[in-house]
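Colleague: Let me give you the structure first, and then I'll get to my questions.
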Amino acid sequence: MDTLLERFLRYVTFHTRSDATNPACPSSEGQLVFARALCDEMQQMGLSRVTLDEYGYLTACLPGNQPDAPAIGLIAHMDTADYEAAHVVPQIIENYQGGDICLGKGDEVLAIRDYRFLKNYLGQDLITTDGSTLLGADDKAGIAEILTAIDHLLAHPEIPRGDVWVGFTPDEEIGRGADRFPLDRFPAKWAYTVDGGELGELEYENFNAAGATVRFIGNNVHPGTAKGSMINSQTLAARFHAAMPTEQTPEATDGYQGFFHLAQMNGTVEETCLHYIIRDFDDEGFAARKAQLKERVASLQLEAPRARIELTLTDSYRNMRSQIEPHMHIVELAKAAMQAADVTPRIKPIRGGTDGARLSFMGLPCPNLFTGGHNFHGKHEFIPLQSMEKAVTTLVELVRLTSAWRG
């Protein structure tokens, strides 16, 4: 699949880092530049109803050859995470034979002691960074895999298929990917995001997510005359965070365990803000975490009545499991497609969110499929080419199997 590798290496040269501080959609001009290039490519491929709107949402259709088959969607996002993403220079480690991988010309290393799963890829071709940027496999690998699968279906009209809708979204990494998704021009019965990790991942559960800002307002007085009058908001914030459960943080949890994560803090004597993210798979656990924060704020306010402590909670997205379970055939079809591609399905929860989570609540059930990548959002990101090829085969098999499904 030379075209797959060529596509991916071309796509990662586009600088598409999203910008959470910019309220515009898309939040960065590079995403529109990439979207226009993809739009041209899809038109040249011969897809129908190729549409790129002012917000950077790109949709197209591969018409089916089975009139009664359900229409499905394949979705990926164009932006990359909040990490250095300009001037990406991939390196290809052909026929990996084990051991550490030097990244570029510096001292950065993809070390086997840190990533023991590297041993699973002996003899394969690994695409890595040069140690100075992320790679962008999240989610340009998904885009390359989708379009390569579409290429294969175009070249093999004997493969039965219903309509296949393709959607590429902006700003997924900053939680806005579904904000303006054009469902009116995306008439799929259900869809799949191709935005997962290692080979075989199949996900239809994700975190419930919220953000919490705790604002501490104190009283700044000259420190030489501060006795009895200064209220140092930073001290209060430190007390607050020190009382948070250390066993319920991202670095101490996995699987179905939720957490509180102090993502950012800034402050002065007068005013300090702590910005947390709250994650839990269980609805009751999610509600309990938010209640726990409220109780902690109220308790500290009683201890420091001369200060003012304010809590703002904002829900971000919800666990899509409740929206997928009434349509479990779409998960079973994905499992069968992986097995047909000689891939072992690995059903696991997403310790994060995807566009598909919100789209599922908008009426488009949307589980998540693997891309094959590892270590997303940083300089140690890499992806095995053979896993990408398996993703393409899985998508082709998914289209074929879905063409025979009648609900």
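Quick reminder: no glycine exception, Cβ is built from N, Cα and C everywhere.
Residues or ranges marked as Zn(2+) 1 binding site by Swiss-Prot on the basis of sequence analysis: His77, Asp138, Asp195. Among the features that Swiss-Prot reports, active site is placed at Asp79. The Zn(2+) 2 binding site annotation in Swiss-Prot covers Asp138, Glu173, His377 and rests on sequence analysis. Taken from Swiss-Prot, the feature active site, proton acceptor covers Glu172.
In the displayed structure, how are the listed features positioned relative to their neighbours?
Modeller: In this structure, His77 (Zn(2+) 1 binding site) is part of a beta strand by DSSP. The Cβ of His77 (Zn(2+) 1 binding site) lies under 8 Å from the Cβ of Asp139, Gly142, Phe168, Thr169, Pro170, Asp171, Glu172, Glu173, Gly177, Thr193, Asp195, Asp355, each of these being in the same chain and 6 or more residues away along the sequence.
Summarising the environment of Asp79 (active site), the number of other Cβ atoms within 10 Å of its Cβ, over all protein chains shown, is 29.
Look at Glu173 (Zn(2+) 2 binding site): DSSP puts it in a helix.
Counted within 10 Å of its Cβ, the other Cβ atoms near Glu172 (active site, proton acceptor) come to 27, all protein chains included.
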Colleague: Near His377 (Zn(2+) 2 binding site), how many other Cβ atoms are within 10 Å of its Cβ?
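Modeller: Neighbour count, Cβ to Cβ under the 10 Å cut-off: 14.
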Colleague: Taking 8 Å from the centroid of the Cβ atoms of Asp138, Glu173, His377 as the cut-off, which other residues in that chain fall inside it around the Zn(2+) 2 site?
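Modeller: Here the non-site neighbours turn out to be Thr80, Ala81, Tyr83, Leu134, Asp139, Phe376.
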Colleague: Can you tell me whether DSSP puts His377 (Zn(2+) 2 binding site) in helix, strand or coil?
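Modeller: In three-state terms, His377 (Zn(2+) 2 binding site) counts as coil.
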Colleague: Counting only other Cβ atoms and using a 10 Å cut-off, which of the binding-site residues Asp138, Asp195 scores lowest?
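Modeller: It is Asp138 that, of the binding-site residues Asp138, Asp195, has the fewest other Cβ atoms within 10 Å.
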Colleague: Among all protein chains shown, how many Cβ atoms are found within 10 Å of the Cβ of Glu173 (Zn(2+) 2 binding site), not counting that one?
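Modeller: Its Cβ shell of radius 10 Å holds 24 other Cβ atoms.
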